[in-house]
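So the structure is just underneath, and the comments pick up after that.
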Amino acid sequence: MSNRFINILVPVVSIILGLIVGAIVMVFSGYDPIKAYIALWNGIFGSPYAMGETIRQISPYILAGLAVAFAFRTGLFNIGVEGQLIVGWFAAAYIGMAVELPAIIHLPLALLAAAVAGALWGLIPGILKARFGVHEVIVTIMMNYIALHTVNALIKSISGGSYKTEKIHETASLRSEFLSNLTDFSTLHYGILVALAMVIVMWFILEKTKTGFELKSVGFNDQASQYAGMNVKKNIVLSMLISGAFAGLGGAMEALGTFGNIVSRSAFTGIGFDGIAVALLGANTPLGVVFGASLFGSLTYGAGNMPNEAGVPIEIVSIVIALIILFVASGYIIRVVLSKMSKKKEAK
Amino acid sequence: MSKRKFGLALSMVLAAGTILGACGTDKDKGDSSSKGDADKESFSIAMVTDTGGVDDKSFNQSAWKGIKEYGAAHDLKKGDGGFDYLQSSEAADYAPNLNKLVQREFDLIYGIGFLMKDAIEEIATQRKDTHFALVDEVSDLPNVASIMFKEQEGAFLAGVAAAKMTKSDKIGFVGGMKIPVIERFEAGFVAGVAAVKPDLEVDIQYTGDFAKAELGKAAANRMYSSGVDIIFHAAGGSGNGVFAEAKERKKADANANVWVIGVDSDQYEEGQVGDDNITLTSMLKRVDNAVKEVAELAAKGEFPGGEVKTFGLHDDGVALADSRGAIPEDVLAEIDEFAKKISEGEIEVPEFVKKK
């Protein structure tokens with residue numbers, strides 16, 4: 001078997017294995033796996049509505065994945081995507097609601113606000129890491145809590161004691177009549193275009209600019225980079241800044257597209273943490289993140305149709321989806337098995 | 001070697017196929033027969049839970065109970081054309097879940113919890129022919145009925161019970177998030193206490209969260225340590241911490257005088273410590289009754305769209321649970337008297353917390 005063939009075969013085999021193990025779980029709990037998988041398929045691709053919602057779900061995952069992946073390339077583990085996303089969500093919702101401008105300025109301004117808010121939230125751990133060597137994992141985890149509760153307090157104060165902000169103005173919305181009609185009233189919005197644009201931006205920065213080269217170089221070996229005359233500290237701060245901006249834009253997807261406002265939360269959204277898995281599934285490359293996010297997003301959304309159409313309880317569904325992702329993530333094992341099998345054949 | 005493996009795999013696939021195939025046909029048969037029963041005649045209802053889920057021991061569960069009872073009373077089956085629910089694991093699921101139920105052509109769809117308001121309004125504007133009902137929030141749309149409760153009336157009775165039963169003359173209230181619904185609990189409870197013992201001050205604390213038992217436990221710990229002997233909680237999952245703290249104290253010292261008043265559903269089982277029980281009573285919020293009543297109205301063609309249906313003591317919307325002997329007869333009689341006065345309108349229970 002050639003290498004290329006194995007590269008294609010591995011993800012396919014892992015998904016199939018995940019589906020089979022998931023089916024076994026369902027059979028043992030007394031549900032019909034075939035019906036359930038048909039429901040999953042229908043939940044993702046079954047109707048224009050489902051496809052619209054699936055794409056809507058994928059958009060923030062792409063941005064969260066990019067945020068994690070970008071920091072990773074510089075050797076930083078940004079667990080703070082969740083918090084950066086929440087402050088971005090708030091910033092976009094606030095600009096969308098508080099100012100009145102024509103759409104051509106309003107929407108970009110709201111997106112920019114989200115990116116800046118996220119970037120600032122990423123900047124703090126970046127500076128602490130660069131200046132004082134404080135480990136970014138600790139700082140970013142703590143920054144998540146600060147973001148969550150600060151934003152809750154801000155929501156309360158700007159809404160006059162309510163638990164949610166007012167809806168954003170039409171001019172800041174990513175939603176459109178056209179997409180809504182196209183997909184039978186789904187919440188699909190233009191955020192997917194923003195997300196894909198950011199994929200290109202990340203690819204461009206990393207592959208086509210000197211800064212990107214430096215960032216990657218710091219990721220490979222910071223001491224060697226220092227020796228080569230690069231400013232490691234500056235690159236660490238910059239990396240966290242850009243990573244935070246991606247995450248903030250992920251929050252803007254929710255603020256300007258899906259929800260149109262921000263509601264005070266008692267727990268994290270989970271999108272930022274799923275972003276870690278998305279980035280790792282995608283091997284921290286921009287294109288890989290798109291695939292990782294598509295897998296995550298469509299499974300997350302499509303899974304909701306399994307209780308609806310096949311009557312499988314949501315808890316079993318969560319197990320099945322987790323199994324599929326687990327198998328995809330452990331593609332390395334399958335790769336080893338496959339290459340051993342092919343070696344044996346060659347030996348024969 | 002590899003051939004044998006392949007054969008094994010093939011036979012397993014075949015076997016699985018046969019088993020699964022059998023399941024499939026069985027289910028199909030069931031479906032077609034149930035569809036036969038449920039003609040256009042019967043009125044079908046469904047609900048979307050908020051993130052608490054259908055077994056939250058609180059209003060989602062209560063609403064689902066109401067829907068099941070409605071289904072049983074009208075000979076409906078779970079599924080299309082009968083009754084069903086969808087569970088939301090994230091706020092982003094609300095709108096798609098509502099939409100899925102619309103697509104399955106349920107006649108009346110409930111959104112449980114104030115968090116559902118935005119999603120219900122969005123879907124209701126798009127799907128003007130479907131009827132919706134919203135619990136705990138108010139919407140003006142013509143195809144949305146709003147179901148509200150006079151929590152203050154039930155909480156008033158809980159306040160009376162607490163004031164009568166306290167030995168230390170110190171009573172506590174633990175709330176979840178400071179939102180209008182919970183403030184109605186607080187206002188009614190304080191008024192109820194004041195009706196019996198005007199000088200008694202209620203120790204009030206909000207945890208700011210409905211799902212953090214540790215915060216409820218910390219609040220209860222502080223209150224019990226300062227001499228409070230009865231705590232009323234309206235804090236959802238955070239309230240489980242209040243129970244945990246009271247149970248720990250009871251376990252350590254069987255003579256400890258600590259009590260909890262539960263909320264939303266009968267929380268008697270939560271308070272069991274060996275042979276003792278620290279649940280004084282629970283303030284019931286009968287979402288099930290309200291859900292059933294709105295369904296009955298809608299089935300008769302009198303759907304209260306655009307209106308607010310408020311359920312108080314008078315309409316069996318709120319009540320106190322059986323105290324199972326924790327409250328003596330004479331106090332119960334007094335509580336009943338208050339209940340009567342409230343339901344006849346003689347006592348007006350305040351809805352809002354007094355600003356200090």
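Each residue, glycine too, has its Cβ placed from N, Cα and C.
Database features, via TrEMBL:
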TRANSMEM  A:7-28  transmembrane segment
TRANSMEM  A:58-79  transmembrane segment
TRANSMEM  A:85-102  transmembrane segment
TRANSMEM  A:109-128  transmembrane segment
TRANSMEM  A:188-206  transmembrane segment
TRANSMEM  A:236-259  transmembrane segment
TRANSMEM  A:271-296  transmembrane segment
TRANSMEM  A:316-338  transmembrane segment
Quiz item: Under a Cβ pair cut-off of under 8 Å, which of the recorded stretches A:7-28, A:58-79, A:109-128, A:236-259, A:271-296 contacts the transmembrane segment (A:188-206) most often?
Solution: A:58-79
Self-check item: Distant-in-sequence neighbours of the transmembrane segment (A:271-296), which means Cβ under 8 A and at least six residues beyond its ends
Solution: 58, 60-69, 72-73, 79-86, 144, 196, 199-200, 202-203, 206, 247, 250, 325, 328-329
Quiz item: Considering only Cβ pairs under 8 Å, which range in A:58-79, A:85-102, A:316-338 makes the most contacts with the transmembrane segment (A:7-28)?
Solution: A:316-338
Quiz prompt | Folded-back contacts onto the transmembrane segment (A:58-79), same chain, C-beta under 8 angstroms, at least six residues removed | solution = 85, 118, 122, 125-126, 129, 136-137, 140-141, 144, 189, 191-192, 194-196, 198-199, 202, 206, 215-216, 218-220, 222, 235-236, 239-240, 242-244, 246-247, 249-251, 253-254, 257-258, 271-276, 278-280, 282, 284-286, 288-290, 292-294, 296-298
Quiz item: In the same chain, which residue numbers or ranges, 6 or more beyond the ends of the transmembrane segment (A:236-259), come under 8 angstroms Cβ to Cβ?
Solution: 56, 59-60, 62-64, 66-68, 70-71, 73-74, 76, 78, 80-81, 84-93, 96, 107, 110-111, 114-123, 125-127, 129-130, 136, 168, 172-175, 187, 189-191, 194-195, 198, 202, 205, 211, 215, 218, 269, 271-272, 275
